[in-house]
Amino acid sequence: MTEHILRMSGITKTFPGVKALQDVNLSVRQGEIHAICGENGAGKSTLMKVLSGVYPYGEYDGEITFEGKRCEFGGIRDSEHAGIVIIHQELALSPQLSIAENIFLGNERAKRGLIDWNRTNYEAAELMKRVGLRENPTTPISDIGVGKQQLVEIAKALSKRVKLLILDEPTAALNDDDSAHLLDLLRELRDEGITCVIISHKLNEVTAISDAVTIIRDGRTIETLDMATDHVTEDRIIAGMVGRALDNRYPPHEPTIGEEALRIEDWTVYSPSQPDRKVVDGASLTLRRGEIVGLAGLMGAGRTELAMSVFGRTYGVHISGKIFKNGKPIEIRNVQDAITHGIAYATEDRKRYGLNLIEDIKRNISAAGLKGLAKRGWVNENQEFRVAEQFHQSMNIKAPSVDSIVGKLSGGNQQKVVLSKWILTEPDVLILDEPTRGIDVGAKYEIYTIINRLADEGKAVLVISSELPELLGLCDRIYTLSEGRITGEVPRREATQESLMHLMTKGQE
Amino acid sequence: MSSITPADVEVGAKGGGEGAPRQPGRVSFGGLSLNLRSSGIYIAFALIVVLFSVLTDGALLTPQNISNIIVQNSYVLILAIGMILVIIAGHIDLSVGSVVAVTGALSAVLMVNMGMPWPLALLITLVAGAVIGAWQGYWIAYFGIPAFIVTLAGMLLFRALTLTVLGNQGIGPFPDQVRTLANGFTNGYIGNIGLGPLGGADLFSLLIGIVAIAGMVVSQWRSRTARKGYGQSVEPMALFVLKLLAGAALILFLVVQLARFKNLPWVLVLLALLVLGYSLMANRTVFGRQIYAIGGNLQAAVMSGVKVKSVVFWIFVNMGVLSAIAGIIFAGRLNQAGPTAGNSFELDAIAAAFIGGAAVQGGVGKVVGAITGGLIMAVINNGMSLIGSPSERVMLVKGIVLLAAVAFDVWTKRRGGVSR
């Protein structure tokens, strides 16, 4: 039995009025990959913040032992000094600086106060080789994709002589190729003796890569499973996370498909940063009332770009193509036009494009449909409250009242606010971009139920998702997109993950 | 089937977790709870008034001094109304002082040099303010230059324009009507009334005060009833009554003191109308809401169909018009449009907005807050000069107050844990 590199015992962390962690225990063995699973808000991130010193010693109760020594970290510098490095979900890189500069940010290779550029770039190249990043060390971060940026973060951690690497949702923003590469890299690092703790929602990855899983629910440790001795499956982990067996992840739905609602023909969009590059290339699709249509594609296939360019030209340049609403050609020049024509787009990035986080629930819900609540420019605030309260109940938004600030809600509840906002505009066509990203399993089920309900009300729904099981479980028909082109259109009963993946990876002829 | 849907379980399991966000910066005593972040500013104002009343042996709250504070600071308060909207939208306007100067100069040229009838001259000046605002709004909203740069340029441009128009001398005197607006008081239309030991007071002013109190009580009551009718939670009756009583006492005190001096200053009437109108606009109109939406999250506002460019443009047009009003009042009060008019007014207006609770990143702020912020600075100015403090010490205190106010705001926000 290998020794434990890390023991956290009896960790309790209280925020005013809320116990975020209650008597949590976590033991990580030397040289293993240890996954932490739990619903959003279960306390995983808080636990990692305690471990990395974001919440300094004294702000929590309990004991941390690392490499046999008791630790009392006063800040991130202390924990990094001990060899614990955390890589957050939102990468902390400076986009204008080079890869090498980012790797040594705060840890500069300097001689007498002056940066030694040769050494910086040389050592960066060595580290980049270790993580399998083939780029020039002087390339600015903004020029490489998210997958490679993730590798830069790991290289940065390695430069600090990391012993325990913590990754918070490392593959959330990566496509399958990059994810696979990252997981391979973690295995290599494990073989080099670096212990990893990963927090992940992607249970297939957890079962594939980890040696042990600790499940946290509602701020408490539920159990730690050993992958080698316990028989651990995805369903087993889910059962631990939600506290029951989950035999149906997707609500059943019988569609009633009606008339054509929206038809897009020969839609072509160029990239605003590289105006000679086609991001969407002659795409055509049709959405019908009452039907849930999926749009599958790998990261970078142009899914979001297609949706945003249709939604009031909010992305792209030199846009060409035709849009028909109920069979009649329409022109959508801006978001207002799109709303007027009954088209709604719920963004994949709630915090950036979807919500005013410092504002309350009711004003977020009314943000897009405010004119419908107003007479001659004056808002009927009581009506606004009533409408928000209706959504509060019908969407099961978990908050004490509609006056609660949206920034404090969990991801699932924020997503319900975004959906409420768009339903209030009474759209005929809803485009939902990654509607369940960063949402825990229970809330996902609720979102699926809402989507089914919208279809039953006769709305046409287009769901964009990275998760193929989700598309297969939810959609009546699925389009595949590859390199900006529609490569397939498959009815649900004929679609399998393999057949979709085949179409999604189909290159240009 | 024994399984339950996930939705059901989550409701029960989450109790006390995310379902109940914390209420930061909230203190409660005896069942009354108070949001420090939003009402801290009013408490601070009350404390400062009490402090200086004591330090000045009551001289601060004498009828004449109250009147002075209002008349002397009216133009900054008017600017603060426009500035808070600009700041809520996430912008800034450094040019308002120079716009005050150039509009004051324009009105003087029209009325004094050209002998134009004063109502026409005022109208032209207001339009000129709007044109100046449109000029800046165009560069900011449609051309995409940061407001800081555009209005810094405007600060120079419009000061230069003022100096070109005026040469190096002032133009005056202004027609009586304009001077009355800036510096004068309502007529004693219906005579005086004895108030016992307080002496005589203007009956018209008192009636206005009573009407204002009645209006406040009726509108608050109706809004409360309507909210209840829609099933919204309302504050407990005791607190509601207490707030109304405090508001009524404040208005009554102010009006009685003013009535004992010389009736109501016209600028107070104007200011009251502006505050009321702009507060309603900010909270109750689609346009007002869109200002908050833009400041809170610009990209989300765009994706929600807010015509961001147009809203920002009109905010600056509005700022221009309010600057023109302030310009006329300032010139009228001095009875002369001078080349140095409005110097550093932009800083006073910006400070008023931030002391009054505006957030540095935008999206937060209230018209009443900005007015209170302006009054805090006015009371500090006035009170310290009454006790004979040198001007450098006044400046020092104002600087510390500004820093402390914003520090408090940042601190409560951090404790609130809302990240942006």
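All positions are counted from 1 along the displayed chain.
Glycine residues also receive a Cβ, built from the backbone N, Cα and C atoms like all the rest.
Heads up, TrEMBL stuff is auto-annotated, nobody curated it.
Copied from TrEMBL, the annotated features are:
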- B:1-22: region 'Disordered' (REGION)
- B:41-62: transmembrane segment (TRANSMEM)
- B:74-92: transmembrane segment (TRANSMEM)
- B:104-132: transmembrane segment (TRANSMEM)
- B:139-158: transmembrane segment (TRANSMEM)
- B:198-218: transmembrane segment (TRANSMEM)
- B:239-258: transmembrane segment (TRANSMEM)
- B:264-281: transmembrane segment (TRANSMEM)
- B:311-332: transmembrane segment (TRANSMEM)
- B:344-360: transmembrane segment (TRANSMEM)
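Counting Cβ pairs under 8 Å that are 6 or more residues apart, the transmembrane segment (B:139-158) and the transmembrane segment (B:41-62) reach fewer than 3 and are not in contact.
Nonlocal intrachain contacts for the transmembrane segment (B:74-92), taken as residues 6+ away from its ends with a CB within less than 8 angstroms of a stretch CB, comprise 100, 140, 147-148, 151, 265, 267-268, 270-271, 274-275, 278, 282, 291-292, 294-295, 298, 311-312, 315-316, 318-319, 321-323, 325-327, 329-330, 333, 345-346, 348-350, 352-354, 356, 358, 361-367, 369-371, 373-375, 377-378.
Counted over residue pairs separated by six or more positions, the transmembrane segment (B:198-218) shares at least 3 Cβ pairs under 8 angstroms with the transmembrane segment (B:264-281), which defines the two as touching. A Cβ distance under 8 Å defines the sequence-distant neighbours of the transmembrane segment (B:344-360), meaning residues of its chain 6+ beyond its ends; these are 37-38, 40-41, 75-77, 79-80, 82-84, 87-88, 92-98, 100, 151, 155, 295, 326, 366, 368-374, 376-377, 398, 401-402, 405-406, 409-410, 413. For the transmembrane segment (B:311-332), the residues of the chain that approach it from at least six positions outside its boundaries are 74-76, 78-79, 81-83, 85-86, 89, 91, 93, 96, 99-108, 122, 125-126, 128-134, 136-138, 140-142, 147, 172, 174, 178-179, 181-183, 267, 270, 274, 287, 290-291, 294, 338, 341-342, 345, judged by C-beta separation under 8 angstroms.
Long-range contacts of the transmembrane segment (B:264-281) within its own chain (CB-CB distance under 8 A, at least 6 residues past either end) are made by residues 67, 70-71, 74, 77-78, 81, 85, 180-186, 202, 204-205, 208, 212, 255, 258, 287-288, 322, 325, 329, 366-368, 371.
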